[in-house]
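Some notes on the structure that comes next.
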């Protein structure tokens with residue numbers, strides 16, 4: 001019995017060892033949850049935010065850059081200050097502020113850094129920099145905010161801000177995290193992927209109190225951030241600034257396009273705002289202020305406001321009629337004011353005269369011929385067929401749907417289809433007399449200023465357009481821009497039909513918009529008036545110039561400024577002169593526009 | 001000279017090698033535990049614990065040399081004197097010692113301090129060997145049992161007064177030696193049964209279930225055997241005693257100091273308070289568990305390095321090993337300990353005198369208890385008690401006391417040929 005006992009003791013010892021080894025095997029090899037918990041304990045993932053790409057105008061002038069701002073950080077445990085009076089003088093804070101900031105930092109952590117003084121200016125930074133060594137526990141953290149040296153083109157450029165929770169949810173690639181800045185509107189949003197660059201990540205080790213203990217595995221898993229791509233915009237900053245000067249204090253839009261390329265030279269939405277207000281610490285405060293402003297400075301009119309096209313649409317009607325072989329240059333209609341109101345002009349008129357004089361009854365009659373082709377003996381059915389065919393032709397002008405400009409929230413306006421009238425009046429219960437106001441660009445028809453500018457480009461190009469866009473080059477390479485901005489869109493109208501139109505538009509200037517005439521530069525233009533049931537009509541003018549080999553196509557909307565020949569035509573003419581000649585030779589006209597007193 | 005030569009040749013080099021292997025691995029682990037990659041300091045730097053431990057190791061080697069050249073009969077003859085000296089020191093410690101965290105464990109002057117509680121282990125081992133060496137000393141007899149338990153319980157009571165429950169528990173490891181020397185198995189059956197009942201009583205929320213189980217088992221046992229009235233009475237009394245014990249346990253636990261209560265509660269539910277009482281065990285398990293099969297590599301551990309595990313260079317030194325060398329490292333160290341214990345039993349069994357055999361088993365008992373409880377504690381199998389891992393944990397008292405304990409036996413073993421056989 002006694003001799004077995006050493007064996008029992010040995011067995012016991014082996015049993016203990018085996019139990020310990022099995023338990024160790026369970027937690028070390030089988031269960032991998034401890035590994036993850038160890039990682040979350042000691043390894044901190046620190047994102048290295050890349051430098052966001054810069055934005056230049058078409059001539060290489062800087063529109064958006066990153067402005068460094070400086071935060072003074074504090075590690076309370078290391079912080080020592082000898083002479084508090086001198087310290088407060090240097091950092092421009094009161095003694096109470098010093099104590100308060102220090103206490104709140106201390107409350108957060110005595111060993112982890114926290115913000116001590118927020119956003120000191122570059123000048124203060126330069127002043128403080130040399131004295132920082134005297135104060136252990138303080139250091140400077142640099143951040144970058146967007147900055148706009150000329151405070152221009154806020155709507156087109158857009159702004160960046162903290163990512164919203166819904167955007168985070170939609171980010172299936174999980175690139176973003178809470179607190180990241182993303183483009184929220186304009187080009188900043190549209191070219192977010194190009195501008196943002198690529199985040200880097202650093203893994204660092206921390207001890208139990210969160211104190212930095214150096215890089216994890218000597219930075220083996222760290223990745224460097226890649227700066228965002230620089231973008232060249234199609235915007236001409238000089239022209240943009242001039243347009244903003246002209247539109248200051250008014251409500252409306254100016255869109256200028258280079259017809260041959262679809263590049264947007266200027267895009268002004270008035271009233272506008274200083275984009276510098278939507279950066280940095282005051283973003284939310286200023287955003288709220290702008291958003292609540294009754295004049296809606298954040299509303300991007302060129303792509304979001306829709307108006308009936310008015311008289312200017314008569315040009316489209318003429319082109320559709322010519323192409324379909326219904327209208328001919330010599331087609332004449334009487335100015336029958338019993339059909340629709342008109343103004344005094346020679347009577348009757350042919351097509352040229354109708355455009356030049358903007359004759360309403362002419363188009364009332366012409367449009368009836370375009371719509372009612374007597375394809376069907378049923379006049380209701382006939383109208384329906386005619387309308388849908390007409391709509392198809394008109395849509396090719398980039399109307400009735402979004403163009404696809406490189407900005408978000410673009411509206412498409414509307415060109416009515418037979419279905420719309422079927423819905424409103426019932427199938428077979430409407431005919432030409434129901435829809436005749438479409439003939440002169442009124443009625444159930446809406447376009448955006450951008451679409452109007454594109455129309456001007458189509459007239460200038462004699463039948464084609466490139467989708468208007470704000471992007472010219474990405475990282476200096478024009479071929480990197482989205483492919484659809486390099487595709488020519490034909491509108492389905494033969495070029496020969498445009499000669500008469502261009503001549504009439506050039507001629508029209510003398511009749512309806514004398515102010516817009518430039519001595520040695522032929523401008524082709526057309527006035528319009530968008531009817532406004534709430535007040536004074538909106539002044540509209542589209543133009544392109546020079547008439548031969550056009551370099552600029554433009555639309556100007558000035559809301560509540562009455563007839564198109566005054567406010568809009570004058571503004572457009574000045575813009576054209578500014579762009580093509582670089583100088584303004586008509587200070588009186590400029591003063592007239594700046595004064596803004598168009599109704600008399 | 002001639003006698004010394006013989007003795008060197010008879011030194012059990014296997015045990016000595018394992019000892020040095022463990023001390024060396026332990027030393028490297030202490031360096032890893034205090035290593036800070038940002039302030040790189042040499043392992044020999046005496047401003048950090050690894051440097052100090054090296055000093056302790058050096059002095060331990062001096063102690064080994066002294067033990068090896070001394071006459072092996074020295075300890076045998078003076079065993080009771082040594083025992084008495086340490087008992088006096090234990091009595092004096094609360095009066096002349098230095099108080100740390102409510103405990104008065106160490107005495108000395110300046111930075112030189114020793115913990116009498118640590119050294120009293122080998123003194124008690126010597127004393128037990130001395131009183132039990134006579135062939136007539138029969139542990140199956142009540143009066144001898146009383147003597148043996150008396151020698152054992154004196155230091156236990158003195159240490160509990162310090163108070164240092166962890167160290168006091170170690171003395172009960174000597175029961176293993178008692179078992180070898182013939183303490184009737186009934187004690188162990190009873191002891192293991194009590195431990196099982198205790199664990200159940202602490203682990204099971206409702207004592208009613210346990211009481212019911214005790215009654216059921218008692219009734220079954222009564223009906224299975226002869227139904228004499230003496231037997232029925234005996235079983236009934238035992239059953240009632242158990243039930244009383246179960247119900248008194250909650251009361252006893254509630255009278256324990258709060259930190260001990262918590263340690264017991266955490267054992268049964270480690271997630272009870274992972275940031276508070278459960279912090280040590282939780283972090284210790286994370287550190288060891290994150291080591292995986294092969295570990296993170298020497299000095300690459302993150303949990304032990306960055307202070308997530310408290311007491312990581314002393315009682316929780318095994319975490320550093322588990323984290324940096326993984327399961328394979330744990331296997332190696334546990335194998336070394338098991339090998340050493342195995343070797344010591346072989347050595348104890350080959351002794352010619354009962355004195356050295358008893359002393360040998362005391363060494364086995366103490367080392368096994370430390371090894372088993374310390375590692376079990378780091379992996380959440382046992383409540384956190386402040387007992388070090390032999391040869392590994394940082395600290396002079398601990399290293400010295402284990403070294404002295406072990407090498408006295410190695411010395412006795414090496415001179416066994418010169419002794420007269422007196423085995424009983």
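Sequential numbering from 1, following the chain as shown.
Placed from the backbone N, Cα and C atoms, the Cβ positions cover glycine too.
Small disclaimer: the values here were computed from a predicted structure and weren't measured.
The feature transmembrane segment is assigned by TrEMBL to B:12-32 (among others). Long-range contacts of the transmembrane segment (B:12-32) within the same chain, counting only residues at least 6 positions beyond its ends with a Cβ under 8 Å from a Cβ of the stretch, are 43, 48-50, 53-54, 57, 60, 298-299, 301, 304-305, 313, 317, 320-321, 324, 333, 336-337, 339-340, 343-344, 347, 389-394, 399, 403, 406, 410, 413-414.
According to TrEMBL, the feature transmembrane segment maps to B:52-70 (among others). Counting only same-chain residues 6+ beyond the ends of the transmembrane segment (B:52-70), those with a CB under 8 A from a CB of the stretch are 4, 7, 11, 23, 26-27, 30, 43-44, 46, 394-396, 399-400, 403-404, 407-408, 410-411, 414.
Positions annotated as transmembrane segment by TrEMBL: B:77-96 (among others). Residues of the same chain lying 6 or more positions beyond the ends of the transmembrane segment (B:77-96) and with a Cβ under 8 Å from any Cβ of it are 104-107, 116-117, 119-120, 123-124, 126-127, 129-131, 151, 154-155, 158-159, 161-162.
Taken from TrEMBL, the feature transmembrane segment covers B:144-161 (among others).
Among the features that TrEMBL reports, transmembrane segment is placed at B:182-202 (among others).
Taken from TrEMBL, the feature transmembrane segment covers B:208-225 (among others).
According to TrEMBL, the transmembrane segment annotation covers B:232-249 (among others).
Summarising the annotation, TrEMBL assigns transmembrane segment to B:325-346 (among others).
The feature transmembrane segment is assigned by TrEMBL to B:358-385 (among others). Long-range contacts of the transmembrane segment (B:358-385) within the same chain: residues 121, 124-126, 128-129, 132-133, 165-166, 169-170, 172-177, 180-181, 260, 263-264, 266-267, 270, 280-281, 284-285, 288, 315-316, 318-319, 322, 334, 337, 340-341, 344-345, 347-348, 351, 393, 402, 405-406, 408-409, 412-413, each at least 6 residues beyond the stretch ends and with a Cβ under 8 Å from a Cβ of the stretch.
Taken from TrEMBL, the feature transmembrane segment applies to B:391-410 (among others).
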(message) With Cβ-Cβ distances below 8 Å as the criterion, list the same-chain residues six or more beyond the ends of the transmembrane segment (B:325-346) that contact it, or say none.
(response) 12, 14-15, 18-19, 21-22, 25, 288, 291-296, 298, 318, 360-361, 363-364, 367-368, 371, 375, 390, 392, 409
(request) Sort out the residues at least 6 away from either end of the transmembrane segment (B:232-249), same chain, that have Cβ-Cβ distances under 8 Å to it, and list them. (result) 194, 197-198, 201-202, 207, 210-211, 214-215, 217-218, 221-222
(message) If we skip the immediate neighbours and take only residues 6+ beyond the ends of the transmembrane segment (B:182-202), which ones have a Cβ under 8 Å from one of its Cβ atoms?
(response) 138-140, 145, 175, 210, 242, 245-246, 249-250, 253, 264, 268
